[in-house]
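*Asks:* Please find one structure pasted underneath; my questions will follow.
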Amino acid sequence: MSSDGHEPTTMTFELLKTAVKDGGARLGRLAFPGRRTVDTPNFFGLTSRGVIPHVTPDNVEKHLHTNGTYMALEDFIERPQQNMTRPPPIYETPSPINKPLNSFTAMPSSIITVLGSRRLPAVSSPMGNTNQTVSVFTSTGFQAVTTKQYINAIQTLNPDIAIPLADLTHKTSTPTSKRALRMAERADDWIKEWFTEMYGPKSNKEPSKIATFAPVLPISYSIQWEYIERLSEEHASNPRVLSGLAVYDADLIPDVSTSYQNLDSLPRLALTTPSTPHQVLRQLSLGMDIFLLPFLSTASDAGIALSFTFPPPASESSGLLPLGIDMSSPEHSISLEPLTESCTCYACTTHHRAFVQHLLGAREMLGWTLLQIHNHAVLASFFASIREALADGTFEDKARQFALRYEPEIPQGLGERPRARGYHFKSEGPGEQKKNKPGWSKFEGEEGAKNIEEKVADLRIDDEQSGASGLGSGVDSVAETPLVPDENADAKDLEEKGFAEKVVEEEKK
């Protein structure tokens, strides 16, 4: 609801409070018509092929504490080798609510949808980008998407928030100054085309109501200042064309906020992939509003139940507290405690550690589902407590306490992960180790195979001593072994012992 009590017709963002005068952590409220209102700071769920891993869409509505999801176009536009010209099914999905993206993924209508070009984190492409295309990684391999195709996809799928294309390398190394300059130039050209096609007078369609969150590139401010200035000018002349910023480097926020006051009031979506809650707090203190957190699903896959709270609990112990608990550990096999004591999520109020540990050991999907529900609840409580601290002015003190009280990294987890999918990884070439363990292997390796041969020999000796006719039928047998014919037996021997039957052909008339 807007401040006047009426439901907004487009996206609205209201800044409620900032921690300090010159920027920094801030309270806000993001609202879309017909969607859940999002109090910021907050987080959105990350999807894989249109769904939050391990959780069905109906359980997203029932049990997950998230108000939005991020989806990637590359998850939906694979081209089958049998029919390369066939349009992706998502483009032909009927939608009574004019939201094909929601209809195709069955995402609840109350959830805000964000659509970008690449997953988060993205797999680096060997093809690279061009002046008119971006390379994406689909389930059938890499392919190029033109700027025009991407804009058409956004207009067709009609998400709530769209992130325009950005020329990114998706590598850990810092781009060279020449490469960074090219990134800024392409971003400037592509955003001009975006504004023209989506909102310009030359567009054949009605001006879009999709909220545009323009990318802020992970390069120095001095290289991309002209591009950011264009964003400021476009927003000043027509505020509806720019609704927010998609920030790839949180350290750029102070420069943007200081130089362009009109952009400071826009919501900021973090595409920075923080790996720990410590990094979340740091980026939040710089002024980030909404986060996408890959470590959430990574922890669930590893069998980790997140256990941190904000502020940290009072304790007489001087040791650091873990950020999560490895639920695959045998020490939980008889524990009837919830995953964490203070959690009120479905997993903690309905099941206990021993059950989750059993599920993970048996590789039952429900185990990862319960962990995903719990971990989302922990993050929701984490951000809710941060908002309370911002409201009462205690955020900075509690953030320092958190940094001193918890370990710097989330535990890796010793349990077996769910089966990895090919579209999550790029092949590294010859000699690469397999991501998934084989479904079966030799019992206890080569030594185990030798032990089995020795046991079979012992069984034969037992049978001879007991007068038994079948291998493994003696008193000391430990297993049944099927009777097999002698390797030197002829047809007559096979017939006599019941291994074969003689077939007599009828004489031809």
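Residue numbering: from 1, along the chain as shown.
Quick reminder: no glycine exception, Cβ is built from N, Cα and C everywhere.
What TrEMBL says about a protein is an automatic prediction, not a curated fact.
Pulled these features from TrEMBL for this protein:
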BINDING   Cys343, Cys345, Cys348, His374  Zn(2+) binding site
COMPBIAS  425-435  compositional bias 'Basic and acidic residues'
COMPBIAS  443-463  compositional bias 'Basic and acidic residues'
COMPBIAS  489-509  compositional bias 'Basic and acidic residues'
DOMAIN    24-407  domain 'tRNA-guanine(15) transglycosylase-like'
REGION    413-509  region 'Disordered'
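In terms of burial and nearby residues, how do these features look in this structure?
*Replies:* Cβ neighbours within 10 Å of Cys343 (Zn(2+) binding site), excluding its own Cβ and spanning all shown chains: 20.
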*Asks:* Using the recorded Zn(2+) site (Cys343, Cys345, Cys348, His374) as reference, state which further residues of the same chain have their Cβ within 8 Å of the centre of those residues' Cβ atoms, listed in sequence order.
*Replies:* Ala305, Pro338, Leu339, Thr340, Thr344, Tyr346, Ala347, Thr349, Ile373, Ala377, Val378
*Asks:* Could you give the mean pLDDT over the domain 'tRNA-guanine(15) transglycosylase-like' (24-407), rounded to a whole number?
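*Replies:* Value for the domain 'tRNA-guanine(15) transglycosylase-like' (24-407), mean pLDDT as a whole number: 93.
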